[in-house]
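Participant: Provided herewith is a single structure, encoded as structure tokens, for subsequent inquiry.
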Amino acid sequence: MYLKQNLMSYLAQAIGELKSQIHAYLQQSTNELVRFQVKLDKVDLLAWLKGQSAYPQFYLHFRDEEKALAALGAVQSFSQLNLAQEFIEESGFPLVGGLQFQGTAQFVLPKMLVEQDNKGTLVSFFVKNEQSANDTLAHLKTFENLTALSALPKQIPLHTELRANERTWCDWVNQALVEIKSGELTKIVLANETTFHLKQAINAYDFLAESEKQNQGCYHFLWAENSHSVFVGSTPERLFAREYNLLLTEALAGTASVSESEEETQSQANWLLNDEKNLKENWLVVEDISQNLRKQVESFDVSNVELKPLRKVQHLIRKIRANLTAHYADVNILKAIHPTAAVSGLPQQQAKMILSEIETFDRGWYAGTLGVMSDVCSEFCVAIRSAFIEGHRIRVFAGAGIVAGSQPLEEWKEIERKAAGLISLFAEEK
């Protein structure tokens, strides 16, 4: 166990402030939903979450700025997007959560929301009655007992199960190419699931902390509804970020390898920037997003194609900037662009139907979207490069976009490289 040296003094002051706020609230004898806020010194959010026993748990470390948030528990839950949007507009309070790949929604107003940036740490407590008001003091004291993060041990998996081995994967790709050739599809994104059975259980918080160190330039996320299955990942892809009516989104598609040789990596980068298939695959995503947002934006600007370098792979990326119409709503943006052609295909509904016929597993949260939604600003990542950690078992996902001209074996190599970003954190090669 460890504690930052000056955290105790911050906690003592914060508890005193909170007691005063709670006393004033209780004097009003109301069941109105309210927010209490206190400031703390910087806290290791993953270490804090690791020591908590309440669920659900949510964590998001943002990609493009030094900002992170963690959420614990649920005061209210929403499975209907429209009700979630109405709640935000009426209360002004934020929600965390997202959509699974197939569109199942889950958003919560947490009991505790911890927001952290380079200015400090702000803790919000959402309460709606006397009992929950009194509970906030106990919740605040949980910062006294941070559970130290541990180094992630490398181990040789006892057993590995591939949802699709190389041969089956090539069959899947060939099925997809038949659909593309027939004109049913322009693009489809196939995914694979690999399950590792381990001698030593993996702690999801230690795993994500290690991924934060090694997989830079990514969003790092965690979503857990219970202690038995924790969804984590380090994704390079933004679904969208909104501040007032300014919308930022992107097309991230097209992949090449990264090697230990700088010369080979640069050669792959040059090839990627000039490869017709990959450039087309990326542009299809741009067209899909622009088409789906056309009724919600007043202007739409697309950057030139760039490289997005990562530890194991590099991608093509085009950044998109749009001004929303006066009557924008985050839920309408979510409905319009999730899932994008970067994780599903084109046309979207046809691609999703064919994926359900080819793939032999339920994606669940994989290739879904997770984030935070509020009245002023919202941000969501695309939940790829992800895994379910389930004690002695970890299920890792990776996908590849299939278009006319795709080669099955090359696509197999691509998903192996993508999955390696997480697998290399815990698995030793035999």
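Placed from the backbone N, Cα and C atoms, the Cβ positions cover glycine too.
Because the structure is a prediction, the values reported are computed rather than measured.
Taken from Swiss-Prot, the feature active site, proton acceptor covers LYS187, and the record attributes it to sequence analysis. The active site, proton donor annotation in Swiss-Prot covers GLU237. Annotation source Swiss-Prot lists Mg(2+) binding site at GLU281, GLU414.
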Participant: Reduce the DSSP letter at the residue listed as 'active site, proton donor' to three states and note it down.
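Facilitator: The residue listed as 'active site, proton donor' sits in coil per DSSP, no helix or strand.
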Participant: Can you check which residues sit near GLU414 (Mg(2+) binding site), meaning Cβ under 8 Å from its Cβ, same chain, 6 or more apart in sequence, and list them in order?
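Facilitator: Correct list: THR255, VAL313, ALA400.
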Participant: Count the other Cβ atoms sitting within 10 Å of the Cβ of GLU281 (Mg(2+) binding site), across every protein chain shown.
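Facilitator: I get 26 for this one.
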Participant: Any idea what the Cα distance is from the residue listed as 'active site, proton acceptor' over to GLU281 (Mg(2+) binding site), rounded to a whole Å?
Facilitator: 8
Participant: Determine the Cβ neighbour count for the residue listed as 'active site, proton donor': the number of other Cβ atoms within 10 Å of its Cβ.
Facilitator: 25
Participant: Test of understanding: give the count of other CB atoms lying within 10 angstroms of the CB of LYS187 (active site, proton acceptor).
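Facilitator: Within a 10 Å radius of the Cβ of LYS187 (active site, proton acceptor) lie 24 other Cβ atoms.
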Participant: Measuring Cα to Cα, how many Å separate the residue listed as 'active site, proton donor' from GLU281 (Mg(2+) binding site)?
Facilitator: 15
Participant: What does DSSP assign GLU281 (Mg(2+) binding site), in three states?
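Facilitator: Helix, per DSSP.
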Participant: Indicate whether GLU414 (Mg(2+) binding site) is helix, strand or coil by DSSP.
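Facilitator: The residue in question, GLU414 (Mg(2+) binding site), is helix (DSSP, three-state).
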